[in-house]
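What follows is a single structure, written as structure tokens, with notes after it.
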Amino acid sequence: MGRGYNLLFVLVTFLVLVAAVTAQGNRGSNSGGGRRPHVGFYGNRCRNVESIVRSVVQSHVRSIPANAPGILRMHFHDCFVHGCDGSVLLAGNTSERTAVPNRSLRGFEVIEEAKARLEKACPRTVSCADILTLAARDAVVLTGGQRWEVPLGRLDGRISQASDVNLPGPSDSVAKQKQDFAAKTLNTLDLVTLVGGHTIGTAGCGLVRGRFVNFNGTGQPDPSIDPSFVPLILAQCPQNGGTRVELDEGSVDKFDTSFLRKVTSSRVVLQSDLVLWKDPETRAIIERLLGLRRPSLRFGTEFGKSMVKMSLIEVKTGSDGEIRRVCSAIN
């Protein structure tokens, strides 16, 4: 009987150890069991996560500067559909990447490279959603913007459908933009500040050329555009609309307040940007961000705050998500 008892004790002990190891593994793959993202989330589990991501982003931005606005735009597109869960990174015939607004996204290879390096340094630890969030911050800093601390601890989503993509549009009214941002728990200050991110990057000529040649079927440019700005845009946009135009003409690779200043003089290419100067509330915010109205606001500081708010939209934690092995496919 003593021998049988000993065997039973050994078996029970073994099963308890297996359960403990399994639970520990699940905690690692589920990024904290439901805790909200916070600064320093990975701690000693992946101490170099930020430096690894920054190194990869820096290399790609130096070789192709357009990767900086590309990554920033990708992060925005990710957060506005199912929250900041890396769903825009998933490949597939009907994934978010195939939706019309996402077909011109760039920088996927940057995120995949950062993920591969992190998998070697800290296997099954850092989510693709967190990598994209860090990369967006680094893209801003590398183009001259102000740094901010990034809360980490998001999980990767498992759902990505092109039919779910419903992003703010380039011709939206101020009221529509306010409505869309409010639906994502972002206020009007966040709206104006994040639109200020158009200080870097480009837009497809096909999206904007109509405003400069046939606004609302009139056969004339939008009368609210500075007339001297029209020939500059048409020179960049051929009739077939097959190229891209700078969102912040003459300062496309520098993150600063130049774009917001151009909004005040009606020298911006997107109608959704131009109308922000016509609405009293958004106009007042622009003036404060430019130091033209008191109390003034620091654009760099406010941009970081709004990016953090956006990065916490509908984050996945606990059993709601996973940590992908590669960013383009669920496990």
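Note that Cβ sites are derived from N, Cα and C of the backbone, with glycine treated the same way.
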Task: Position flagged as N-linked glycosylation site [Swiss-Prot], chosen from Asn102, Asn216 - done: Asn216
TODO: Look at the Ca(2+) 2 binding annotation in Swiss-Prot, where Asp248, Ser251, Asp256 are given, and name the residue from Thr199, Thr202, Thr301 listed for that site too.
DONE: Thr199
Task: Disulfide-linked residue for Cys84, taking Swiss-Prot as the record, within Cys46, Cys79 - done: Cys79
Open item on the list: Are there any residues at least 6 positions away along the chain from Thr199 (Ca(2+) 2 binding site) with a Cβ closer than 8 Å to its Cβ? List them or say none.
Closed with: Leu247, Asp248, Ser251, Lys254, Phe255, Asp256, Thr257, Ser258, Phe259, Leu260
Open item on the list: Among the disulfide-bonded residues Cys79, Cys122, Cys205, which residue has the fewest other Cβ atoms within 10 Å of its own Cβ?
Closed with: Cys122
Open item on the list: If you count other C-beta atoms within 10 angstroms, which of the recorded positions Asn93, Asn216, Ser251 is the most crowded?
Closed with: Ser251
TODO: Show, in sequence order, which residues other than Thr199, Asp248, Ser251, Asp256 on the same chain lie with their Cβ within 8 Å of the centre of the Cβ atoms of the Ca(2+) 2 site.
DONE: Ile200, Val252, Lys254, Phe255, Thr257, Ser258, Phe259
